[in-house]
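According to TrEMBL, the protein has these features:
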- Lys8, Ile9, Ser10, Gly11, Gly51, Arg55, Thr158, Tyr164, Asp167: ATP binding site (BINDING)
- Gly50, Asp70, Thr131, Gly132, Asn133, Pro134, Phe135, Phe136, Ser137, Thr138: UMP binding site (BINDING)
- 3-212: domain 'Aspartate/glutamate/uridylate kinase' (DOMAIN)
Amino acid sequence: MYKRVLLKISGEALAAGRGFGIDAVFIHKVAEEIADAHALGCQIGIVVGGGNFFRGVAQQAIDMDRVAADHMGMLSTVINAIALQDAIEKRGIMCRVMSAIEMHQVAEPYIRRRAMRHLEKGRIVIFAAGTGNPFFSTDTAASLRAMEIKADILLKATSVDGIYSADPKKDPDATRFEQVTYNDIMRLGLGVMDTTAVSLCKDNNMPMMVFSMREQGNIVRVISGEKLGSLVTA
Ligand code: UDP
């Protein structure tokens, strides 16, 4: 079993098929699974995305400056983080939101040593506002925080059960990889995460498991060390 993990949950996943916003039933299911994994004794850091509210790249559609749009994107991750914190705390587990953009009334500022202390005390930490910088993604934030907190592994929970040679929703011949390297991802142009996040993990030897969180229980199974989905290594 992993001792400390960084779990990345995309914003889109929290919309659970609705396309926008937060699905109340689904977020409680996710919180339940996180609580179960926490009960096993695993220290859990979480990075949530914000794509269910706003993505910076959508700025062209509304004629916005990219930096302003990315600020909106990062703020949308804070909304998700607060919702997830609330759902986790309803299960009697202490959970802190640490934001990369300071907003004292809402969340703690991200201070790495304090984050480590929370984890050691068994508190779940949700890292909000991505890296705090425009032009980055929450996948990059997840890679960065995984390294900073010295996680054993980065767990990327998605709607697909691993990494495929092509988009399995469009190509019936797409095959799933059991294990790949970060070099394979770059060489084959596999759309797992952006290249900044990939190179950060590769250069710092951070393994990653890409798995589906659609099936109930998968988060616990992965944290227990079960090999679900696709494993990515340096
Ligand atoms: N974002 C950013 N810097 C970061 C992380 C995120 O500017 O370090 C912005 C960016 O606009 C992005 C949005 O926040 O589109 C939401 O994050 P992301 O698209 O990664 O969310 P997900 O796809 O995981 O839901």
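Each Cβ is built from the backbone N, Cα and C atoms, and glycine gets one as well.
Remember, predicted model here, so these are calculated numbers, not experimental data.
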Residue among the binding-site residues Gly50, Gly51 whose Cβ has the most other Cβ atoms within 10 Å
Gly50
C-alpha of Phe135 (UMP binding site) to C-alpha of Gly51 (ATP binding site): distance in Å?
14
Could you check which of the binding-site residues Lys8, Ser10, Thr131, Asp167 have their CB within less than 6 A of ligand 1?
Ser10, Thr131
Inside 8 A of the center formed by the CB atoms of Gly50, Asp70, Thr131, Gly132, Asn133, Pro134, Phe135, Phe136, Ser137, Thr138, which other residues of the chain have their CB, for the recorded UMP site?
Gly56, Gly73, Met74, Gly130, Thr140, Ala141
CB neighbours of Asp167 (ATP binding site) within 10 A?
10
Note the mean pLDDT of the domain 'Aspartate/glutamate/uridylate kinase' (3-212), expressed as a whole number.
96
Can you tell me whether DSSP puts Asn133 (UMP binding site) in helix, strand or coil?
coil
